[in-house]
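Comments concern the structure below.
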């Protein structure tokens, strides 16, 4: 045995390190404030300090003094144990044991007193060490902070701070409330601010990311290099052990001639191998944890930055980027950069490992090892070529995925129109064209290249080993025996990981580079002088030209003009000066996923008095009384809520109430009266907009197509084609321009905005003084100061109006079965068979090596290339590479593609078959998440993790079988190790499964909030609410981080414990080998074979459980997709063959309602109640009623968007409930209230199904057209169908008066003479010439007669509505004229 040269050297070194580190730490602690500690903690401090005082006067006084001071300061000023002291005392104990052995061995005279005194010191310091392991902070951890704050170094190394969570997870299902809080540095607001400040200084996203989050990452790189060094120490220790065995065997039985090595040396090598393995495990998982945390920070910072940028997108950018593209940036591209952080350091570590391997191989094989180097150098250009191919493919694939996500986003946004027009099949064909003809074809190419790449890099180490051994066997005079072959094989196996990972990391880097390219983020009240505005910089002509406008407080006055004022348009000339703050009620009301009250308050402080005034003024009180929880009823992103449906008018008034409540200096109202009934419009005008309304003291601009209120305006501005033709008061030239409309068909007071409409500002008339004074008095009692609430908690915490489906417990076997069914069971069986055969052949090749090595030892020379064992080794390697290629191609190209196609297509068909109520109660972002992130997991991640799991499981089985067959006593150790392994694994899987689900479920609200925010950009900007929405986004990201961090840390918790099992296996195997050598005749070749496998145990066991866990975690995506594909309640059948109507049905167009009642969803109140009426063929019916009376519901019932609760509807004597939905919906037509358009040409928008034989581009959701133009296009869409029943839902509300008159003439003309038409209108003048008028009230028929009779009846509801609209006098005058004639 070796002896210590300087027995005091250890002591000097350890004490010097302690003194230096303790001094530095004490210096740092001086600047921290002292903490208040409890009495219990104070007693613990003295218990730590007192034992140390026994020996300062005898030994090492300075070191002790430093440790004493450090103990005291650390206990009082920090919340975690001192790392310096916790590391010093174990090192001191080990060093003391070695020193004692050296002293005893050297027989140093008079050493007994010194030895005893040192051990006495050690004994006294033991309590201090034990107490130091306990945190100085004895506060109870209640999940309000991270346990890492108080964890000591051992807890951090072993991830023991997670054990309480694991214990809880094994007993019950983990929920978000059980998860520890984030560290302040990991909160998304701080991470986003760090990235934002870095981006302001550096244009490169790469540089900004490194400066923001790169510090710990550099530390992780150093840890990785240390771990690599420890990994390559193991083959050297194996070589040492095999050399020891060879030496021991050669001297065995020759005790009198040669002095052999001591048996103790072999056991010490086994202990060193165990310690090295444990140290390697600790370092590796600290590196992994830092990488995962960095990836999390990168993703959070990027998502925050993308969200902030999306709130300031120019109209140019919004035109070129669909909301689906921006969601993709978040869900896929930010995640790719996160994945790069996890394994990106392999790009640094890989070359270092390869260098270490070849230096070690050169020591073993000499220059023959460089034949392998030459092969590797030759393979680099091949890898580069494959990398370039993958990069091009990935770029194209990202475009394909973006295109599909954009299509899905638009499809979900316009699902109501798609169902009304029976266009489901047309849009399914569009999506499937992109998915199957573009995306999956490219995925197949990527799969083939990835499979070949994987095979190449797993085969290269085998080829390198074979070529190096072949060269050495021919040219080396030294026999290649077990102590050379098996350390070399271990080195070649270590080479396999960096080379195999190189392909994955190359792919990750390529994807990240592509993603970074996409991610390059970077007060008069109003005065406009010479303004010229356009939507996009490429536009040839301006949307608005030479705009001059001044608005003063207390005055009020088309949609583009308002967009220009709030900054949504591009200003090319002129000047816009805005003083004070702005409130904006958009033409299409934007409703937030929150309560009605939160929608109105919009993050302002709740003022009950003023709030109630606003509710009354907007006529919302009766509507709120109908809601189950009043104004606390939660509504979704489309204004849909759980109990009943908010009508268009109700949504418009909620948006108006929001604008009033903001108490802004300038209020912009984009035709807010268009969607409400005439009498409600009169009420709202009088109490809000008019001279005596709540906004009387505010500047307000009203865009309107209406002319009945023009006399109340201070200033009128007449716009045509983006140019102000006239401006002035009602008595000036403007009155002449609108006079023709006033005397003709457009006397209705209520309409919606268009491109050529008026805009005005009202003045106070003298007769309004009393009401004005009363209102002013009420308003004076209300504080004008509007303060932001600290947190918009209700809106922030909402996941939407329906909680996302999430399973609990183990993923059901049925999910795996359905995935295998989708992927092909036969294909999967062949893949498993190929993987098992590869492992069997690999073991056979290693056995051949052992036989070859023993043959060389016996012969004393190398047998050359003709040796049967060596040829067998080469042949088995070739077969292993072939099997690997077959397995990779089977899983990537055959199984993965089939499952991707089957699962996506079945989910798409299921979603398209879902009723409209599903889309109204499910946030769009949630569905989009399934079609983006979850589909991406099935496409590209699941195949990889399944491949890894099968490969590692067969690897683990081969290791256990090889060691057990070679050393049967090892099987005794397998039993307790297997029990520990299974317990740890069960502990882990129970918790990690739920954490992964929580992570998946908490990610959806981020996408939902993103989609929702993009839909309301104009409103958010106008109210200057960006900071509030950014804070809410940060809260959602933090909630996801809260779930994500533990889900990654539990992998480390597991790995450290499993690698402990691996280290024990190495130790047991090495100890059994030494025992076998000492007690029997075991050859070095067998020991080398067994230990080369044992050294892989640590990694294999860990990778097996991790890959099994990754499969279960990622198969959650399959679970979610299968839930949508199988469990969504479908609509009625599209076609029923036995009840298919005649091809010319309906021939006449008679519509009969028989005792018809309906509700929107089961459990809700009836919206239509006992409707009974008959509409004759060719009859023109006008439908009116108060907001929420059931007008739209009546037409939805006609199209079976809602199904009857009782009764039925007949069209030409055919019961429509017996028909297929497509047969019904394609036989009648509708112009819906909300004009939905799709990205594409005008022709595609009018005829998406290409059923008929002028292309002009339309941007996403029709954003390149005005509201009026969009509604005209929808009108053209409906006209194209030659049907006998036709429904118009407020179809002319967004067009100007001239266009309205032209449309009315077409409807009353010869084209529609033989068509039954039902018209819902808020402009009563549009239904005055109807054959009959139906008045609805609370879902019942209130009146149904000719307009003339209803107007003559002074008690009729219709007459009162006509009076509110100013139409009664006009009608009576017309009647008198007709009588005179």
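For all residues, glycine too, the Cβ spot is worked out from N, Cα and C.
Taken from TrEMBL as is:
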- 743-758: compositional bias 'Low complexity' (COMPBIAS)
- 218-511: domain 'ABC transmembrane type-1' (DOMAIN)
- 513-746: domain 'ABC transporter' (DOMAIN)
- 832-1113: domain 'ABC transmembrane type-1' (DOMAIN)
- 1151-1363: domain 'ABC transporter' (DOMAIN)
- 741-770: region 'Disordered' (REGION)
- 52-71: transmembrane segment (TRANSMEM)
- 205-225: transmembrane segment (TRANSMEM)
- 267-288: transmembrane segment (TRANSMEM)
- 340-361: transmembrane segment (TRANSMEM)
- 367-390: transmembrane segment (TRANSMEM)
- 446-472: transmembrane segment (TRANSMEM)
- 484-502: transmembrane segment (TRANSMEM)
- 828-853: transmembrane segment (TRANSMEM)
- 873-897: transmembrane segment (TRANSMEM)
- 959-981: transmembrane segment (TRANSMEM)
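Here the transmembrane segment (205-225) has Cβ contacts under 8 Å with residues 191, 194-195, 198-199, 283-284, 286-287, 290-291, 293-294, 297-298, 301-302, 337, 341, 345, 348-349, 352, 516, 519-521 of the same chain, all six or more residues outside its ends. Put simply, of 267-288, 340-361, 367-390, 446-472, 873-897, the stretch with the most CB pairs closer than 8 A to the transmembrane segment (828-853) is 873-897. Distant neighbours of the transmembrane segment (959-981): 843, 846, 1058, 1061, 1064-1065, 1068-1069, 1072-1073, 1076, 1086, 1089-1090, 1093-1094, 1096-1097, 1100-1101; these residues of the same chain sit at least 6 beyond its ends, with a Cβ under 8 Å from one of its Cβ atoms. Of the candidate ranges 267-288, 367-390, 873-897, 367-390 contributes the most Cβ pairs within a distance under 8 Å of the transmembrane segment (340-361). With a threshold of 8 Å between CB atoms, the same-chain residues lying at least 6 positions outside the transmembrane segment (267-288) that come near it are 156-159, 220, 223-224, 226-227, 230-231, 233-234, 237-238, 240-241, 244, 342, 345, 1051-1052, 1055-1056, 1059-1060, 1062-1064, 1066-1067, 1070-1071, 1074, 1098.
When averaged over the domain 'ABC transporter' (1151-1363), pLDDT in the model lands at 77.
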